[in-house]
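Remarks on the structure that follows.
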Amino acid sequence: MCGIVGLMAKQAVNQGIYDALTVLQHRGQDAAGMMTWHEGRFLLRKSNGLVRDVFHTRHMARLKGNLGIGHVRYPTAGSSSEAESQPFYVNSPYGISLAHNGNLTNSEQLKQELFSSDLRHINTSSDSEVLLNVFAHELGKQGLHLEPGDIFDAVRRVHRRCKGGYAAVAIINGVGLVAFRDPNGIRPVVFGTRDEGVGQEVMIASESVALDVGGFELHRDLDPGEAIFVDMAGEIHTQQCADRPSLAPCIFEHVYLARPDSILDGAYVYGTRMQMGRKLGDRIQAEWPEHDIDVVIPIPDTSRTSALELAQHLGVTYREGFMKNRYIGRTFIMPGQTQRKKSVRQKLNAIDIEFKGKNVLLVDDSIVRGTTCKQIIQMAREAGANKVYFASAAPPVRYPNVYGIDMPAASELIAHGRSEAEVGELIGADRIFYQDLEDLKSACREVNPNLEAFDCSVFDGRYVTGDIDDAYLAELEASRSDDAKQQQSAGDHALVGMHNQDDDIDD
Ligand SMILES: O=P(O)(O)OC[C@H]1O[C@H](OP(=O)(O)OP(=O)(O)O)[C@H](O)[C@@H]1O
Ligand SMILES: NC(=O)CC[C@H](N)C(=O)O
Ligand SMILES: [Mg+2]
């Protein structure tokens, strides 16, 4: 889950894109980038690091123009080298730049096709460069002067060729801003407008918080398979481009990925997380009516919303027993297990008086690798807790993700092949409670009853695109497990990217 943004304005877009990327930072901490378009030229700055570290004043000054796109990256394909940070650029046809959130599941096959049939070279191992080149190739089949319908036809053919989860924004040189969403709407994209008396300005982004911060009014999500084109005058054109669109958004966005103040597919994430807390509270009450829980304590940050509601529903005191160091990022999306492990201790510290002699129920939004809960339970015991119970607002995560969350190896998931009780034992909890999958879905439907289907593959192993088999998963595990990535990373840094790497000059 990366973050993407596109902005067509009546004034310089650099600051607006920077601000949007800052509020999308929770979607990717590895790299950030911005491409603007000014007087027929593309201007780029991208590098590894957080938004505030990548864009310095002099970069911002160079990013001129009233049209631009931006990206924050959490790698799910290829490497984490700077050369694979986004946006990408291709010069033919027209000159196109693209930023992508998601993951193509047939990118190897597409890469070969691009080379042998479309005569296009892909210079990185990023699936996003593949997506850009498929889009470019399909756009190249249209005439010299692009009409909105030509762009939509090209997106239609992109949908026919590409499989997986993808939300993408692109600039076509001299033509406008384009965005499209995969036919299952796995990854989110919203758009909205602003009018400050100079004409309509349009922002497209992964989450509605990006629009809020820029003063844009949220219009709606892109439908699954739909594309939006904003012409150079700022006029919006939309069209359904998929043959069989069917909405199945990633439910893990509601569990963990998105910010609670975002509205995704018509559902306030804050609301869906509150409902998750209620449902989990009901489950605990039903399973253990005579419970002896003295206090409910959330694991900051993401679980707070559910934990508060759970505590109220159970009628148990809610207390903030862990303080978070706000300068440490999200641990789950860090690239390696050593860094993740170390960061939990650096990030969270226990307040002893909330634990001493008490039976505590620790609540987290999810248990994935078990990195966080294992250490947190130990910390709670060291702080003097009597009994330590653990509750997860999501069901057990047992299967890999292939649509843009970097959970490629089943063997790294603590609940894979294990019962709930076995996980409880492994993490050192006196008792464990998990959300039921049907309850998780209905938590989201309480907020938006129109949400019928979801991609719940990490919980049930059912992949909505229908193209995932055991051979694919085995290949993914072999190439992207933590061990495999560690072995590859030494080689990554020796890669020479196709954009300037100005490490040698004062940065
Ligand atoms: O079982 P694990 O592999 O540890 O993964 C799950 C944990 O990781 C996430 O926290 P993270 O620190 O990334 O972000 P947060 O501060 O938003 O909760 C999530 O909220 C869980 O706490
Ligand atoms: N998390 C994402 O959306 C990743 C986008 C793309 N697959 C990459 O690895 O860069
Ligand atoms: Mg967390």
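Just so you know, the numbers here start at 1 and follow the chain as drawn.
Just so it is clear, glycine is given a Cβ too, placed from its N, Cα and C backbone atoms.
What TrEMBL records for the Mg(2+) site is Asp364, Asp365, and among Thr272, Thr302, Thr305, Thr317 the residue it adds there is Thr302. Taking TrEMBL as the reference, the stretch among 102-130, 479-507 described by the feature region 'Disordered' is residues 479-507. Selection of the recorded positions Cys2, Thr302, Asp364, Asp365 by a Cβ distance under 6 Å from ligand 2 yields, in sequence order, Cys2. Checking the recorded positions Cys2, Thr302, Asp364, Asp365 against ligand 1 with a 6 Å cutoff on the Cβ atom leaves Thr302, Asp364, Asp365, in sequence order. Put simply, Cys2 (active site, nucleophile) is 20 Å from Asp365 (Mg(2+) binding site) when counted between their Cα atoms. When Cβ atoms from all protein chains are considered, those within 10 Å of Asp365 (Mg(2+) binding site) total 28, not counting its own.
Listed in sequence order, the residues Val255, Tyr256, Pro298, Ile299, Asp301, Ser303, Ser306, Val363, Ser366, Ser392, Ala393, Ala394 complete the 8 Å Cβ shell around the Mg(2+) site centroid, once Thr302, Asp364, Asp365 themselves are left out. Every protein chain shown contributes to the tally, and the Cβ of Asp364 (Mg(2+) binding site) ends up with 22 other Cβ atoms within 10 Å.
Residue density at Thr302 (Mg(2+) binding site): 23 other Cβ atoms are found within 10 A of its Cβ, drawing on all protein chains shown. Long-range Cβ neighbours of Cys2 (active site, nucleophile) (same chain, at least 6 residues apart, Cβ-Cβ under 8 Å): Arg27, Gly28, His71, Val72, Arg73, Tyr74, Gln86, Ala99, His100, Asn101, Gly102, Ser206, Gly404.
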